[in-house]
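S.K.: What follows is a single structure, and I will ask about it in a moment.
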Amino acid sequence: MADNRDPASDQMKHWKEQRAAQKPDVLTTGGGNPVGDKLNSLTVGPRGPLLVQDVVFTDEMAHFDRERIPERVVHAKGAGAFGYFEVTHDITRYSKAKVFEHIGKRTPIAVRFSTVAGESGSADTVRDPRGFAVKFYTEDGNWDLVGNNTPIFFIRDALLFPSFIHSQKRNPQTHLKDPDMVWDFWSLRPESLHQVSFLFSDRGIPDGHRHMNGYGSHTFKLVNANGEAVYCKFHYKTDQGIKNLSVEDAARLAHEDPDYGLRDLFNAIATGNYPSWTLYIQVMTFSEAEIFPFNPFDLTKVWPHGDYPLIPVGKLVLNRNPVNYFAEVEQLAFDPSNMPPGIEPSPDKMLQGRLFAYPDTHRHRLGPNYLQIPVNCPYRARVANYQRDGPMCMMDNQGGAPNYYPNSFSAPEHQPSALEHRTHFSGDVQRFNSANDDNVTQVRTFYLKVLNEEQRKRLCENIAGHLKDAQLFIQKKAVKNFSDVHPEYGSRIQALLDKYNEEKPKNAVHTYVQHGSHLSAREKANL
């Protein structure tokens, strides 16, 4: 068994083999001073107290006390890898972004896959959307396409995002996952129906990270060299084929190998089985957007492929594992506002909210100079601006260059060629209620036409199996929403709930009771 282990299990062995005949490095403190003894503290006598002058101990312990940084408030559990994006089809008619400059061009990328609601130690095989974030290191700075494995989302207004995430996480008193919180929010916000239906379908538990699609999800804007703009959506189609886990296999793996997705990705790359995805775009003109039957910037809906076909762009290939997880994955920070010329945001309310929220949380989690961390640094562009100082400034702080603008001393100048595309909007300023913007039509299509009968059966079973743990009044609200999609959808879920609710609670947990030992009182006293 020990001779037939996978690359992830043998990482330490491989690291030693790579060093070959090299002698071990000299052990040092953080300050580089050689350490004479790493096994024993400096004390007064063998039983005496420690000394403050034991700098080997204080150096080690002080750093250990500060090892952990705040985990991501969402997408805490993840896996990362590196590779390249190669253009295979010309889309310069749509975008002047250098990443799409010519066929055959390669751009380095970093990718992070993740679950959403779980903590950093949670299982990879839970039913949860998957994050699918890609950082393109371009000559015009980083482009971060921060998406999921679904083309839609639970809400369409960013103001609801904190409450939505709170509902998916732990109860503030019990610190337990709470089905009442989850389903109460979903049932009160029927715009979640599309994503909830996707989540509880077979695709709700992907088989690792390699066998799922990715989506930019939001609507973006592409601008070409002539200043002409279109709206677009980004799609990554897995070249490995879609594979999903059954409920039973997912539960088994959550127990036996909670890091299943991370392990699978690492081993695939380590053995040269490089995963890849094909990038496509959908394109919509501004005039088409004006007459579109629904809001084209609504994140709870998709653009029909029959009307807006997928246009191939290129291929993403992952061919390198992280050298160190903390340095290259835990500190990896994606920001939707990182957009080079040729790619811009649309009026999508969720995207607009993320433009602020993502860099803001990175400054909290990693510090104001998080863009100087090597994995986040736009190393293919020359950063020149008027930002200075701050905690953990690791570069030369831009030397003696002026730190104010405008100035008369040959410091960085803005470039009119990088100006955003001019767009006209008009309308009243108010808080518009979008809760009832047709929450059912596309869900009905998904239920009746995308899924077959066996998939519909599993969808209803999965929903009922989770919804049964919520209070009855919440169950009724949720079933009404599913019935609004299609009467059969709601009735099938209700029938399954009725069966669950008729069953008496059973204690399926088997325990071992500790009986009295045969030790004498004297023997117990010596324990």
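Every residue, even glycine, has its Cβ placed from backbone N, Cα and C.
Relevant sequence annotations retrieved from Swiss-Prot are reproduced here:
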- 1-42: region 'Disordered' (REGION)
- 1-22: compositional bias 'Basic and acidic residues' (COMPBIAS)
- ALA2: blocked amino end (Ala) (MOD_RES)
- ALA2: N-acetylalanine (MOD_RES)
- SER9: phosphoserine (MOD_RES)
- LYS13: N6-succinyllysine (MOD_RES)
- HIS75: active site (ACT_SITE)
- ASN148: active site (ACT_SITE)
- HIS194, PHE198, SER201, ARG203, ASN213, TYR215, LYS237, TRP303, HIS305, GLN442, THR445, PHE446: NADP(+) binding site (BINDING)
- LYS221: N6-succinyllysine (MOD_RES)
- TYR358: heme binding site (BINDING)
- SER417: phosphoserine (MOD_RES)
- SER434: phosphoserine (MOD_RES)
- LYS449: N6-acetyllysine (MOD_RES)
- LYS449: N6-succinyllysine (MOD_RES)
- LYS480: N6-acetyllysine (MOD_RES)
- THR511: phosphothreonine (MOD_RES)
- SER517: phosphoserine (MOD_RES)
- 524-527: motif 'Microbody targeting signal' (MOTIF)
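What does the local environment look like for each feature on the list?
M.R.: Beyond the ends of the region 'Disordered' (1-42), by six or more residues, the same chain brings 50-51, 53-57, 59, 63, 263, 266-267, 270-271 to within a C-beta distance below 8 angstroms of the stretch.
Look at SER9 (phosphoserine): DSSP puts it in coil.
LYS13 (N6-succinyllysine) is surrounded by 11 other CB atoms, counting those within 10 A of its CB over all protein chains shown.
Under the three-state DSSP scheme, HIS75 (active site) falls in the coil class.
Sequence-distant neighbours of ASN148 (active site) (same chain, 6+ residues apart, CB-CB distance under 8 A): VAL116, PRO129, ARG130, GLY131, PHE132, GLY214, TYR215, SER217.
The Cβ of THR445 (NADP(+) binding site) lies under 8 Å from the Cβ of no residue that sits 6+ residues away along the same chain.
Applying an 8 A CB threshold to same-chain residues 6+ apart, the list for LYS221 (N6-succinyllysine) reads ALA229, VAL230, TYR231, CYS232, ILE343, GLU344, PRO345, SER346, HIS421, THR423.
Less than 8 angstroms from the CB of TYR358 (heme binding site) sit VAL146, ALA333, PHE334, ASP335, PRO336, SER337, each of them six or more residues away in the same chain.
Cβ environment of SER417 (phosphoserine): PRO341 lie under 8 Å away, each six or more residues apart in the same chain.
Cβ neighbours within 10 Å of SER434 (phosphoserine), excluding its own Cβ and spanning all shown chains: 15.
With a cut-off of 8 Å between CB atoms and residues at least 6 apart in sequence, the same chain places nothing near LYS449 (N6-acetyllysine).
A helical conformation is recorded for LYS449 (N6-acetyllysine) in the three-state DSSP classification.
DSSP gives LYS480 (N6-acetyllysine) a helix state.
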S.K.: Where's the emptiest Cβ shell within 10 Å among the binding-site residues HIS194, LYS237, HIS305?
M.R.: HIS305
S.K.: Summarise the region 'Disordered' (1-42) by DSSP state, stating how many residues are helix, strand and coil.
M.R.: 9 helix, 2 strand, 31 coil
S.K.: Just name the winner among HIS75, LYS480 (the recorded positions) by count of other CB atoms within 10 A of its CB.
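M.R.: Answer by Cβ density within 10 Å: HIS75.
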S.K.: With H, G and I counted as helix, E and B as strand and the rest as coil, say where DSSP puts SER434 (phosphoserine).
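M.R.: Reduced to three states, the DSSP call for SER434 (phosphoserine) is coil.
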S.K.: Have a look at the recorded positions (SER9, SER201, ASN213) and report the one with the fewest Cβ neighbours inside 10 Å.
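M.R.: Output over recorded positions SER9, SER201, ASN213: least Cβ neighbours within 10 Å is SER9.
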